[in-house]
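> Supplied in structure tokens, the structure appears directly below.
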Ligand code: PAF
């Protein structure tokens, strides 16, 4: 695996490649990330990964400074997955001057759910993703469904800007007890780690009720949030949305059986976890 840090080196390595499959990450790689690499390998060649902790997508009180950086272990894992190039720019490499041009996702999609609780997050994500795409010029790029709204926003960005990159969605990788793998799980104490699968349980409860024909979205969402609150969580939202545009379903949508997804974000201690389940 070639490790490159500058855009020039990256372009040299990839010149003439037309079928590049790309997996952007912020490092601290776990089995979920590695499953993205494997999926990438099925959809293109060479596989290129990036590791870059993107300051633009962190709020002032978020965990940018303490975000886990485990570069050497990450490199070892990527080597084993047969990744061809790892692009690991420093901040100066990727943002040699202040990044003043920004992508602004549309309000409907960008300001709801995660966008409501993390203002500026999706602008930071889409700005860096557009920039990384411009550096790597991938034919396909793989994103996990764990960050469901991110996946949808990136996909819409590619469509609206007519980018020549197809977005491939990878299923969420879960621990045996159901907890979705995330780099932030490492912030959990042993007691919190034992409690953490309750978020997935709450999603399953909502999904199962909807499948059984329960149509009162509001009461289901509140019941699930109350359960978590009683267990000591601080939920930001548990929300049933339409898969197509992440807007709340109308009674008509519910009656017609529109494809739905239930999304959740909640704090356990100081750690904020997100997860979702398609219904
Ligand atoms: O999902 C992530 O790890 C990040 O948001 C991404 C897509 C690598 C952009 O920084």
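Note: Cβ is positioned from N, Cα and C throughout, glycine not excepted.
In case it helps, TrEMBL gives these features for our protein:
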type     : residues                : note
BINDING  : 26-33, 144-147, 181-184 : ATP binding site
ACT_SITE : 33                      : active site, proton donor
BINDING  : 57                      : beta-alanine binding site
BINDING  : 57, 150                 : (R)-pantoate binding site
> If you check the recorded positions 26, 30, 32, 33, 181, 183 one by one, which have a CB less than 6 Å away from any atom of ligand 1?
26
> Is it possible to get the count of other C-beta atoms within 10 angstroms of the C-beta of residue 181 (ATP binding site)?
17
> So if I draw a 10 Å sphere around the Cβ of residue 144 (ATP binding site), how many other Cβ atoms end up inside it?
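A 10 Å sphere around the Cβ of residue 144 (ATP binding site) contains 23 other Cβ atoms.
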> For residue 33 (active site, proton donor), which of the listed binding-site residues (144, 150, 181) have their CA atom within 10 A of its CA?
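Checking each Cα against residue 33 (active site, proton donor), the hits are 144, 181.
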> Around the C-beta of residue 150 ((R)-pantoate binding site), how many further C-beta atoms are within 10 angstroms, looking at every protein chain?
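That number is 20.
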> Tell me the Cα distance separating the residue listed as 'beta-alanine binding site' from residue 30 (ATP binding site), rounded to the nearest angstrom.
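Computed Cα spacing between residue 30 (ATP binding site) and the residue listed as 'beta-alanine binding site' is 21 Å.
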> Taking the Cβ of residue 30 (ATP binding site) as the centre, how many other Cβ atoms fall within a 10 Å radius?
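Result for residue 30 (ATP binding site): 17 neighbouring Cβ atoms inside 10 Å.
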> Give the distance between the Cα atoms of residue 146 (ATP binding site) and residue 57 (beta-alanine binding site), rounded to the nearest whole Å.
17
> For residue 150 ((R)-pantoate binding site) and residue 183 (ATP binding site), determine the Cα separation and express it in whole Å.
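Their Cα atoms are separated by 16 Å.
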> Tell me the Cα distance separating residue 26 (ATP binding site) from the residue listed as 'beta-alanine binding site', rounded to the nearest angstrom.
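About 11 Å separate the Cα atoms of these two residues.
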